[in-house]
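Engineer: Can you keep this structure in mind? I'll have questions shortly.
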Amino acid sequence: MNTKDLVLVALFTALVAVMSLIPPIPMPLIPVPVTLQTFGVMLTGLILGPRKAGVVLSLYVLIALVGLPVLPGGRAGLAVLMGPTGGFLLGMIPGAFLTGLIAGQAPTRIGPADKTGVFWQVARLWLASVSGGVLLVYLLGIPWLAYVAKMDLQKAGLLMLAFIPIDLLKALLAAVIAQRVRRYQGLS
């Protein structure tokens with residue numbers, strides 16, 4: 001990694017931490033709150049690509065693991081990682097990687113007046129966000145939640161349905177922002 005990459009990794013690690021510290025919204029009946037962490041995962045993957053996004057989220061989880069209070073509610077440490085949200089936290093690492101990998105397949109050039117092209121770019125970036133930042137994170141987080149909370153896997157999955165509408169909106173917002181950033185970065 002060169003200096004620019006290191007600066008981007010540090011900047012996006014801080015961005016994910018700040019998004020995580022925005023007060024979480026507790027959900028009834030489930031020990032997992034609504035946070036902006038997954039929005040940070042999506043944005044990081046969409047803008048930085050798979051390798052740097054994976055490094056950012058690995059660093060973020062490591063920082064939390066060693067005790068810096070960067071998790072929602074200012075929490076940190078191994079106890080949080082071993083709790084009901086641990087699978088979601090660990091799932092963010094491959095989630096950011098997959099988001100970046102799929103986003104890398106988005107078209108790279110469109111004309112400035114090509115509104116249809118912009119729509120399809122945003123749609124592809126949204127699909128990347130949903131695939132990595134929602135589906136993969138859920139795929140790893142729900143079984144962990146079920147195990148730690150001693151609940152049936154099906155019940156844990158059903159409880160997580162409450163998060164899907166807001167996560168789909170976060171994915172759309174991340175896609176719109178990333179499309180603009182990628183355009184000015186020269187990525188699209």
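Glycine too: its Cβ is placed from the backbone N, Cα and C atoms.
Because TrEMBL annotations are produced automatically, they should be read as predictions rather than curated entries.
Small disclaimer: the values here were computed from a predicted structure and weren't measured.
Annotation source TrEMBL lists transmembrane segment at 30-48, 55-72, 78-104, 125-146, 158-178.
Looking at the shown structure, what environment does each listed feature sit in?
Structural biologist: Sequence-distant contacts of the transmembrane segment (30-48) (same chain, at least 6 residues past either end, Cβ-Cβ under 8 Å): 8-9, 12, 15-16, 19-20, 22, 24, 56-57, 72-73, 83-85, 88, 92, 95-101, 103, 125, 128-129, 132-134, 137, 141, 145, 149, 159-160, 162-163, 166-167, 170-171, 173-175, 177-178, 181-182, 185.
Residues 30-32, 38-39, 41-42, 45-46, 84-88, 90-92, 94-103, 105-106, 152-153, 155-157, 160, 164, 167-168, 170-172, 174-175, 178-179, 182 of the same chain lie 6 or more positions beyond the ends of the transmembrane segment (125-146) yet place their CB under 8 Å from a CB of it.
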